[in-house]
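> Have a look at this one.
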Amino acid sequence: MKALFPKGEPKEMQAEYEQREQNPKLGALTADTANLSPKNSADDMINLNNKLDVEYDLPITGSRTAKWYYSAFHNVTAMVGAGVLGLPSAFVFLGWTGGTITLVLSWFISLYTLHQLCGMHEIGGLRMNRYRELGQYAFGPILGWWAVQPFQLIVMVGLAITYSVTGGQSLKRFYEIVCTKHIFNASTGTLGCTAFGLSAWIVVFGAVQLFLAQAPNFNALTLVSLVAAVMSLSYSTIGFGMSLNSGLEQRNAPYNLDGYSTADGIFGAFNALGTVAFAYGGHNVVLEIQAGLPSPPKTYKPMMKGVYVAYAVVAWCYFTVAITGYWAFGNNVGSNVLLTTICPLGPNGETRHCSSAELEAAAPLRPVWPIAMANLMVVFHVLGSYQVSMMPVFDMIETLMAKKGVRCTRIFRLIYRSIYVVLTIFIACTIPFFGDLMGFIGAVGTGPTTFWLPSVIWLVVKRPSWRNWNFWVSWFIIILCVAVTFLGAIGALRGIVVDASDYDFYQ
């Protein structure tokens, strides 16, 4: 223990912990037995959490045998998710200049803030194994919890819902393609299968999650995360190739906002900012991923090694899909580029904006099997992304139990994780507004946790001089990204209200 916590450890707590460790009859060290109260320092609370991490097999810290490339897998899986497919749609209202600047600036800012978070994982002999623990270290036990945990929960739960919608949509699309082309329906005498609504496919996706959700900790998800990372790179490459092929075959993409009102253009641009922010949601689990690395030595270098590899993959996936998707389809691109088709030319050969019905009728113009395989890859990827994103939620529940001296049994884990999956699937069936969900979650949750909260915490913890360039960069990020968070939330809320007015629930 002394090697793990060389500084700032209260002698009374150390003595009590060693006494309880030597005499099991006294019970485990918990928040109650340690006599913690809001008056105790944040250091004491983090110290206790570090001890609980050693004593209990918690989801985040149950295994500390991770390698640097584990962080690469997990970061790609956590970040490159449903958001990449919606990035071309962000260009519709931002345009070429605004969309490109927003995408590039978001990449650099998110990498910088991720570097800030990873650099604060170990401070004064303490390990900040969870995002909320870093917030508590910076702002105190109570304020720090409220500064981080609500935003993190919004992202975690929101991602579960959004990934469920994405998984259901992709399963439905794959099924329809396969049935339409190769399966004979005896009841109708034609090619095609019995149609199922989106809700049914979301439930199928959730059934698989019930099984995967029983993985005990992050390192147990390494293989799942590796497969998911490979799938994300694969379907992004297919999306890039399909968009490039479509654009070269028929150059008729409209880039103006004809047909949109001024209000649609303004609020659409706001929502687009949130959509781009949503694509960088990996920060919500980065400290939890880093917690799986052993120390000493310090975890910063191996973690950042994996992060740089992950961000190279992110750059390829995001920039290629976003730019070629918008170039090929223009303002006709949908919230999922894999489901977007070429809009037929007008009667005089002019480019135009197509209705959803016209785009559906034009679907046979696109090669089907690459689209089918890409949609199946999306399913495999979001299966892994769902689990990586949910592990902090599961850890929060089991940490609360550990602080009461209760170990989580397999039966309890099966029950509470199954309930959680069922609830998220139910909500996904209720509000499957994929594009607007990305914008809202990106603005309200990912905006703070990815873009400006890390810089706020870094300024509080590091206290740099105003002469330090990092001081001014951090303040620039905070001011810019708080404004984007506010505008993105407004645009996404309007989009949800508009879509909800004409949507058939529980299809």
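Glycine residues also receive a Cβ, built from the backbone N, Cα and C atoms like all the rest.
Look at TrEMBL and you will find 1-24 tagged as region 'Disordered'. Feature annotation from TrEMBL assigns compositional bias 'Basic and acidic residues' to 8-23. The domain 'Amino acid transporter transmembrane' feature in TrEMBL is assigned to 65-493. Look at TrEMBL and you will find 68-87, 93-114, 134-163, 183-208, 220-245, 265-287, 308-329, 368-394, 414-434, 440-461, 473-497 tagged as transmembrane segment.
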> Examine the transmembrane segment (265-287) against the transmembrane segment (414-434) and state whether at least 3 Cβ pairs sit under 8 A, considering only residue pairs 6 or more apart.
no
> State the residues, same chain only, that lie 6 or more residues beyond the ends of the transmembrane segment (414-434) and have a CB under 8 A from a CB inside it; answer 'none' if no residue qualifies.
82, 86, 157, 160-162, 164-166, 168-169, 198-199, 202-203, 205-206, 209-210, 213-214, 335-336, 390, 393-394, 397, 495-496, 499-500, 503, 505-506
> Honestly, do the transmembrane segment (473-497) and the transmembrane segment (93-114) touch, with at least three Cβ pairs under 8 Å and pairs 6 or more apart in sequence?
yes
> Okay, the transmembrane segment (308-329) and the transmembrane segment (134-163): do they have at least three CB pairs under 8 Å, pairs separated by 6 or more?
no
> Take the transmembrane segment (440-461) and find every residue of the same chain, 6 or more past its ends, with a Cβ under 8 Å from one of its Cβ atoms.
83, 106, 109-110, 113-114, 116-117, 119-120, 123, 131, 134-135, 137-139, 147-148, 151-152, 154-155, 158-159, 162, 273-284, 470-471, 473-475, 477-478, 481-482, 484-489, 491-493, 495-496
> Mind pulling out the one from 68-87, 220-245, 308-329 with the most Cβ pairs under 8 angstroms to the transmembrane segment (368-394)?
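Going through each listed stretch, the top one turns out to be 220-245.
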